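Listed features, source TrEMBL:
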- THR31: active site (ACT_SITE)
- GLU39: active site (ACT_SITE)
- HIS65: active site (ACT_SITE)
- GLY58: CoA binding site (BINDING)
- GLY58, ARG110: substrate binding site (BINDING)
- 12-115: domain 'Fluoroacetyl-CoA-specific thioesterase-like' (DOMAIN)
Amino acid sequence: MDNLTIKKTFTVTPHDTAENVGSGSLPVLATPIMVAWMENTAMAIAAQSLAPADTTVGISMSVQHIKASAVGETITCTARQTSADGRKLTFEITCTNADGDTVGTATHERFIVTAERFMAKLRK
């Protein structure tokens with residue numbers, strides 16, 4: 001699974017701050033935003049090998065937010081798929097800043113679902 005790695009780069013905006021999203025009172029990268037970026041990066045790996053009718057949904061995330069990031073900083077999330085067990089996919093994700101400092105790490109699990117069937121369950 002070594003080839004199942006992807007990097008995505010994001011820039012911290014005022015919209016992405018803890019102060020703005022309500023997860024804290026400071027104008028720094030909010031943990032919920034970093035988590036969303038991590039999920040987005042892992043999702044991009046999974047999407048490369050899905051059947052057209054399938055998608056993935058996040059089912060777990062163990063995250064550490066290690067370093068604060070100011071508005072304007074560039075954050076690169078690198079996700080690597082570490083296992084596939086039936087429909088469950090596991091990823092290791094690291095986010096770093098432009099200086100190479102680790103901003104956050106996570107282990108994330110996603111589950112493959114058929115999109116139409118998944119949404120139909122919500123309408124019942």
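Just so you know, glycine gets a Cβ as well, placed from its N, Cα and C.
Of all Cβ atoms in the protein chains displayed, 23 besides its own lie within 10 Å of the Cβ of ARG110 (substrate binding site).
Around the residue listed as 'CoA binding site', the same-chain residues at least 6 positions away in sequence with a Cβ under 8 Å from its Cβ are GLU39, ALA42, MET43, HIS108, GLU109, ARG110. For HIS65 (active site), the same-chain residues that are 6 or more apart in sequence and have a Cβ closer than 8 Å to its Cβ are THR31, MET34, VAL103, GLY104.
For GLU39 (active site), other Cβ atoms within 10 Å of its Cβ number 21. According to DSSP, GLU39 (active site) is assigned to a helical segment.
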